[in-house]
Amino acid sequence: MADQLSEEQISEFKEAFSLFDKDGDGTITTKELGTVMRSLGQNPTEAELQDMINEVDADGNGTIDFPEFLTMMARKMRDTDSEEEIKEAFKVFDKDGNGYISAAELRHVMTNLGEKLTDNEVDEMIREADVDGDGQINYEEFVKMMLSK
């Protein structure tokens, strides 16, 4: 996951990590995490802090080292910037701007991307994403489909 980050992002995260790592020992404890979160106006409980650490503490030692921190940041970034990207992608597919992606619109975009799909393949893609069964994909269905891949 962290391999999807640019050099610039990694160096920014290194700075952020140093801010968290108050005693400079190369790891972030729940206490250090709490201090930084509170300075950012958050008020996490001890249990929440422990959960945050456990979520990314790959080696299970109770602290976060830099590689674990990078993984956490990469996850967060994927989650946030994907929302914007998904909105943009939906607009690309929804040619007529009516809030729905039809089979024809899907076929058109896929063809432009160099994916020659049969009618059956296009219908199958629509069916997989079409939760409410109206034969087209609305924004919610599109988001679900994009986040589940």
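Positions of Cβ are set from backbone N, Cα and C atoms, glycine also.
Annotated Ca(2+) 1 binding site per Swiss-Prot: Asp21, Asp23, Asp25, Thr27, Glu32, in sequence order. Annotation comment: Swiss-Prot describes Asp57, Asp59, Asn61, Thr63, Glu68 as Ca(2+) 2 binding site, evidence class sequence analysis. Annotation comment: Swiss-Prot describes Asp94, Asp96, Asn98, Tyr100, Glu105 as Ca(2+) 3 binding site, evidence class sequence analysis. Taken from Swiss-Prot, the feature Ca(2+) 4 binding site covers Asp130, Asp132, Asp134, Gln136, Glu141. Residues or ranges marked as domain 'EF-hand 1' by Swiss-Prot on the basis of sequence analysis: 8-43. Taken from Swiss-Prot, the feature domain 'EF-hand 2' covers 44-79, and the record attributes it to sequence analysis. The domain 'EF-hand 3' annotation in Swiss-Prot covers 81-116, and the record cites sequence analysis as its basis. What Swiss-Prot lists as domain 'EF-hand 4' is 117-149. Annotated N-acetylalanine per Swiss-Prot: Ala2, in sequence order.
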Fewest-neighbour residue among binding-site residues, criterion Cβ within 10 Å, set Asp57, Glu68: Asp57
DSSP-derived class (H/G/I helix, E/B strand, else coil) of Glu141 (Ca(2+) 4 binding site): helix
Largest tally of Cβ atoms lying within 10 Å of a Cβ, found at which of the binding-site residues Asp25, Asp59, Asp96, Glu141: Glu141
Listed in sequence order, residues not in Asp21, Asp23, Asp25, Thr27, Glu32 with Cβ within 8 Å of the centre of the Ca(2+) 1 site Cβ atoms: Phe20, Lys22, Gly24, Gly26, Ile28, Thr29, Thr63
Additional residues surrounding Ca(2+) 2, by Cβ distance to the Asp57, Asp59, Asn61, Thr63, Glu68 centre under 8 Å: Thr27, Ile53, Val56, Ala58, Gly60, Gly62, Ile64, Asp65
Cα-to-Cα gap, Asp57 (Ca(2+) 2 binding site) vs Asp23 (Ca(2+) 1 binding site), nearest whole Å: 19
Spatial neighbours, same chain, of Asp132 (Ca(2+) 4 binding site) - Cβ under 8 Å, 6+ residues apart: Asn138, Glu141
Glu105 (Ca(2+) 3 binding site): secondary structure state under DSSP, collapsed to three categories: helix
Binding-site residues compared (Asp23, Thr63, Asp94) - the one with the fewest other Cβ atoms within 10 Å: Asp23
Stretch-averaged pLDDT - the domain 'EF-hand 4' (117-149): 87
Cβ packing number for Asn98 (Ca(2+) 3 binding site), 10 Å threshold: 11
Asp130, Asp132, Asp134, Gln136, Glu141 excluded, remaining Cβ within 8 Å of their centroid (Ca(2+) 4): Tyr100, Ile126, Ala129, Val131, Gly133, Gly135, Ile137, Asn138
Spatial neighbour of Thr63 (Ca(2+) 2 binding site) that is closest, considering only the binding-site residues Asp21, Asp94, Asp130, Asp134, Gln136 and their CA atoms: Asp21
